[in-house]
Amino acid sequence: MDGVTVINHPLVQHKLTIMRKKETSTAGFRRLLREISTLLCYEVTRDLELAMERIETPLVEIEAPLLEGKKLVFASILRAGNGLLEGMLDLVPSARVAHIGVYRDHETLEAIEYYFKAPEDVSNRLIIVVDPMLATGNSSIASIEKLKERGARNIRFLCLLAAPEGIRNFQAAHPDVPIYTASIDSHLNEQGYIVPGLGDAGDRMYGTK
Ligand code: URA
């Protein structure tokens, strides 16, 4: 599917299957989420630009590659996005972090922002927006609208599972934002759950069911 990268590394797929199992405990789910988010982060940053810098090893001077440009921003869509943050920060500890809380008003369909905290200068940074589930796409679409209003131009979206309906809505709203996911599942059910899915990601990671 155009604009969507499915990360089908065997370790990702193995961990995802265990996360889907209904008998996986909260502690297990959280540990797997941290592990899998490190692997997903590795893939979503695979093409970052490098610049050569002159360094000294204990033996000689060489030109060696380092990440170029400003620090990345990981933008977590509250609350389940936070489950992806820790593993990503294990891999990129210098990344800046944004938190975004939005909901869609049922009557006006307007995206209502109830929380937004991001670094000042989002316009010159790569922003990786994270939310485990791309279901209807409403919250990710609204969150990215808010980031764009503040000047963000270079955005990627990373999730664990995506529904085809959510991908369609998302791409209609933000055709410039590539999607990275570990799986495209079958469909959304009437309650807005991804099928086969893994249930409510926030409840499973925080034990709040
Ligand atoms: N959010 C979830 O946590 N799970 C779903 O299946 C859909 C949205």
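Any Cβ shown, glycine's included, is placed from N, Cα and C.
So that you can see what the record holds, here are the features copied from TrEMBL:
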| type | residues | note |
| --- | --- | --- |
| BINDING | Arg79, Arg104, Asp131, Pro132, Met133, Leu134, Ala135, Thr136, Gly137, Asn138, Ser139, Asp200 | 5-phospho-alpha-D-ribose 1-diphosphate binding site |
| BINDING | Ile194, Gly199, Asp200, Ala201 | uracil binding site |
| DOMAIN | 6-208 | domain 'Phosphoribosyltransferase' |
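Location within the structure of each feature annotated in TrEMBL.
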residue : record                                              : Cβ contacts under 8 Å, 6 or more apart
Arg79   : 5-phospho-alpha-D-ribose 1-diphosphate binding site : Gly101, Gly202, Tyr206
Asp131  : 5-phospho-alpha-D-ribose 1-diphosphate binding site : Ser76, Ile77, Ala80, Gly81, Leu84, Ser139, Ser140, Ser143, Phe157, Cys159
Met133  : 5-phospho-alpha-D-ribose 1-diphosphate binding site : Ala80, Cys159, Leu160, Leu161, Ala162, Ile194, Gly197, Ala201
Ala135  : 5-phospho-alpha-D-ribose 1-diphosphate binding site : Ala163, Glu165, Gly166, Leu188, Gly192, Tyr193, Ile194
Gly137  : 5-phospho-alpha-D-ribose 1-diphosphate binding site : Glu165, Gly166, Ile167, Arg168, Asn169, Phe170, Ala173
Gly199  : uracil binding site                                 : Lys22, Tyr193
Asp200  : uracil binding site                                 : Tyr193, Lys209
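Close to ligand 1, meaning a Cβ under 6 Å from one of its atoms, are these of the binding-site residues Arg79, Asp131, Ala135, Asp200: Ala135, Asp200. Annotated uracil site Ile194, Gly199, Asp200, Ala201; additional same-chain residues within 8 Å of its Cβ mean position, judged by their own Cβ, are Pro132, Met133, Leu161, Tyr193, Gly197, Leu198, Gly202, Asp203, Arg204. Note on the domain 'Phosphoribosyltransferase' (6-208): its mean pLDDT in the predicted model is 95. In this structure, the binding-site residues under consideration are Ser139, Ile194, Ala201, and the one with the smallest number of other Cβ atoms within 10 Å of its Cβ is Ser139.
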